[in-house]
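These features come from Swiss-Prot:
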- C80: active site, nucleophile (ACT_SITE)
- H180: active site, charge relay system (ACT_SITE)
- E182: active site, charge relay system (ACT_SITE)
- G48, E49, S50, R109, I137, R138: L-glutamine binding site (BINDING)
Amino acid sequence: MAPLVGVVALQGGFAEHIEVLESLGANTRRVRRSADLQGLDGIVLPGGESTVIDKLMRSFSLAEPLKDAVRRGLPVLATCAGLVVLATDLEDAAKGQHTLSLLDVTVRRNAFGSQLDSFEGTLDIDGVGDGVSATFIRAPVITRVGPGVEVIAQLPDEAGNVSGAIVGVRQRNVLALSFHPEETDDDRVHRTWLRQVSEEV
């Protein structure tokens, strides 16, 4: 039976995630209100503007029910702004910005600069594969990880060693990435995550 995956559809790149998920055989639901969380096997928090997503989640009374669902074990794939929304700490939070505080990391927003500084590359991601295509658009970076957080992806440093910025982590049922896997033709991130979701169903 195909898993039912919710995609938070308040703002940002949710349509691209839906397209990839459906191409891999998943059923999808756009999530805007707490009732949309019922019966989900997994949920995606897409990229976009983290401050806007935060305000809309609170305006639509989605933040607390979503927080509760994730704490109960609902599998999560968070990309770019979705990572920011989950973090316990932000180095450069906007005035009045809240997070769900579900992922024990510190994040610096827009760490790679403006939209003009966006770039594409490949990453080796533990549990996903080597040479995975990744698109970074005004991407955040993870500057601290808590003791229960596994680092699964880092950018290469100037010498080509994989010891640069942390751009992917896993903590229990949460997979969080700085980049946009949905903006590439490489579906391995979604495919791997869906396999894990299906195993939980």
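Note: Cβ is positioned from N, Cα and C throughout, glycine not excepted.
Shown in sequence order, G13, E16, G47, T79, C80, A134, T135, F136, I137 are the residues of the chain, 6+ apart in sequence, with a C-beta less than 8 angstroms from the C-beta of H180 (active site, charge relay system). According to DSSP, R138 (L-glutamine binding site) sits in a coil region rather than a helix or strand. In three-state terms derived from DSSP, S50 (L-glutamine binding site) belongs to a helical segment. Here the recorded positions are G48, E49, S50, C80, E182; the one with the fewest Cβ atoms within 10 Å of its Cβ is E49. The highest number of surrounding Cβ atoms within 10 Å, among the binding-site residues R109, R138, is found at R109. Here L-glutamine is bound by G48, E49, S50, R109, I137, R138 per the record. The longest Cα to Cα distance in that group is 13 Å. Considering only the binding-site residues G48, E49, R109, the residue whose Cα is spatially closest to the Cα of E182 (active site, charge relay system) is G48.
Around the Cβ of I137 (L-glutamine binding site), a 10 Å sphere holds 20 further Cβ atoms from the protein chains shown. According to its DSSP assignment, E182 (active site, charge relay system) is helical. Excluding G48, E49, S50, R109, I137, R138, which define the L-glutamine site, the same chain contributes G12, G47, C80, A81, V84, N110, P140 within 8 Å (Cβ to the Cβ centroid), listed in sequence order.
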